[in-house]
Amino acid sequence: MTSTNEIRRSFLEYFGSNGHDVVPSAPLVPYNDPTLMFTNAGMVPFKNVFTGLETRAVPRATSSQKCVRAGGKHNDLDNVGYTARHHTFFEMLGNFSFGDYFKEQAITHAWTLLTREWGLPKDKLLATVYHTDDEAFELWKKIAGLPEDRIIRIATKDNFWAMGDDGPCGPCSEIFFDHGDHIWGGPPGSPDEDGDRFIEIWNLVFMQFEQTAGEITGSLPKPSIDTGMGLERIAAVLQGEHDNYDTDTFKALIAASESLTSVRAEGDHKASHRVIADHLRSTSFLLADGVLPSNEGRGYVLRRIMRRAMRHAHLLGAKDPLMHRLVPALVAEMGAAYPELGRAQPLIEETLLREEVQFRRTLSNGIKLLDEATATLGEGDKLPGDTAFKLYDTYGFPYDLTEDALRARGIAVDREGFDAAMAQQKAAARAAWKGSGQAADSEVWFDIAERVGATEFTGYTATTGEAQVVALVKDGKEVDSAMAGDDVAVIVNQTPFYGESGGQTGDAGTITGGDGLVLAVSDTAKPLGRLHAHNAKVQSGSVKVGDVVRLDIDVARRDAIRANHSATHLLHAALRHRLGAHVTQKGSLVAADRLRFDFSHPTALSAEDIAAIEAEVNAEIRANEVVTTRLMSPEDAIEAGAMALFGEKYGDEVRVLSMGRVADKHYSVELCGGTHVRALGDIGVFRIVSESAVSSGVRRIEALTGEGARQWFVAREDALKNTASILRTTPEDVEARVTALMDERKKLERELAEAKKALALGGGSAKAENADEDVNGVKFSGQVLEGLDPKDLRGLLDQAKQRLGSGVAVIVAVNEGKASIAAAVTDDLAGKVSAVDLVRAGVEALGGKGGGGRPDMAQGGGPEGSRAADAIAAARAVLTA
């Protein structure tokens, strides 16, 4: 067993055969912790289980979790490519016990897998324990037979884990592999522990204590186990390598970049190939999990990683964009373990190509400035912070990219100066991730949830029902009662009201009770994802905790929401059929009056695309197939072809919605907890009313169904009828009538233009000649023409020159308050009088500037058409100067 894929499979099979639920990797965007930028450890998906907010049917689990560390306090980006073990993307192998087995079995599993299953030499392994954890110390002696000098007590926080200042915590035991005395370094806890001889390969966390404000306050009633082993590290050990980048997966990716660049991964180029291989993994997996490059939050970190890799591609001399051409090699290596890579491959390649083309322009300008700024700097010098900031602010060069670019030359960057320059601006591109967090009153919901548990939702089959009030929240605090006029959130033990989630708006309706109680529910929220909070105003009577009440949803509103929600599923399927499998949902709004659907696609949809998609959805609606619902495990549902939305929280049992038919398969199959129509015909009709961009690579469709669509059609039919009445024709003939009117208008415009030209000639040569005068021995013709198109001025001046024989002609055309002036000089006067001088004098009189042309023909204009006569006079005055 040598390949990384075999090691991953072996790990999961071992723990699966030992009673652990094999759990697929969660997405890189955490669904249960908005304070985290990315999933950065194997235990993140199980955080709520460890804290008691969730329970699992099987108390043991194992996974190979995708992780990214490139933002926040867990940021390995700067070191990637220059060390043997730093990565932005890695896989964390882990086994977990939720109140089941504890230290002895955890150590037994670890030792058995490493030495018996994988055959690692026992004399190459040693363990650390927290300095007061005598139990773990003795277990290592008993189970592994390790001598005491290879069980090292560590007193630092490295061997004690805590989930913040409050909550579960406990000691750790780390397993190290000794690469041999030919490599410098000492064992953990020694002065030389930072060397590379002894490498941590597995961390066992024993969650056994409860702490408050950083102080241990007692023992957990059900101690738990959380372990983590970096797949890349153990692959290096099992493949006989000391460097993670020498393992099979990285070798394949580096070989691909060597082939495409014709540059070997040696010497100064070694780090660049490693950076590209690592960053290819993180960027591709982030894109596959729905993160798109942007200038803030997760998207900004993704763009930083992309650009760092692309700069190293530039260092390798790549003449054309490189990153997108490496994606097939990554899919070949990891696509079997992570099918989402293959599904998203077109989107990954197109996004990488677009970003690299854009960044190559940025890079060219930035590198030029950087070279100029460092021309006089040598090893040990510092680049001024304001220069680094200019690179960032003007050329899009992140600070770490500048720092990385200067690393090889031994030039540092003045970070304090950079920060000072940054503070002077309100730029937020590099703002630290703060997460969305919970509302300010989130603690009250935690208190209620712990006391009463989750609200039971009955709304899939019912629109009314009775329930008991279990909590009331007013102004962010729990209250015992509420009176008429109060705004209050009502929590009951069971409800038919759908709480806003998954893009679907919450239900509205009424809550009634004894003694004339009436509450008008405006919407229903879903705090913590478990409670249903009915936001209501007490219209009459009073409500108190413990009351039995009746709940009635607004059925007409619910029906409209259901139609719109089912239509989004059909729309999603139609988009994928028409545009490709790269289309994934990026967001949605399902309201009573409309639906909005955001999806991944790089370009605007054509009119043909929109028409085809709309027609396909309506065909499914007319077929009126029954919508089927099945409850399944998430794994079975996905295996059966259901589309799961990454980032959505799915429980042990999910609802699988199947709609329509294509051949012998359902048209749409998705995991969804929302409310839907019983048959597709209930949607009525589907109409797309707009398609637009949301952000780079994300498009938005807004649409109407049912009554909303009917009203939309009626409004347009009324507009057509009114237009027909105005045009004195029938609705059927409006197009022909408008076409005829437009043709007639064009004809009249041509006739008008000819008439204006004729008028410009004074209605005949006699009138034009009457406008001629002698000015300082030069024949001068000056005319002001209302409504003349400026483009006709030259033709009129040519005619005037022919009439004059020898002389100067000036014409001012006035249109909508503005004026255009043009002047012409006959050839015999070209050396004496300049048309440019005449025009500039006239332009100044018209309140304008400039004017130009040739000595024999010039033109200009100004905003003050009322001064047209003054412009003629100013031009005439030039001849007397």
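Just so it is clear, glycine is given a Cβ too, placed from its N, Cα and C backbone atoms.
Remember, predicted model here, so these are calculated numbers, not experimental data.
According to Swiss-Prot, the feature Zn(2+) binding site maps to H565, H569, C672, H676, an assignment based on sequence analysis. For the recorded site, C672 (Zn(2+) binding site), the DSSP three-state label reads coil. The Cβ neighbour count for C672 (Zn(2+) binding site), using a 10 Å radius over every protein chain in view, is 25.
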DSSP three-state assignment for H569 (Zn(2+) binding site): helix
Cβ packing number for H569 (Zn(2+) binding site), 10 Å threshold: 27
Residues that sit under 8 angstroms from H676 (Zn(2+) binding site) by C-beta distance, when 6+ apart in the chain: R562, H565, S566, H569, V627, T629, L657
Beyond the site residues H565, H569, C672, H676: chain residues whose C-beta lies within 8 Å of the centroid, for Zn(2+): R562, S566, T568, V627, L657, M659, E670, G674, T675
H565 (Zn(2+) binding site), number of other Cβ atoms within 10 Å: 26
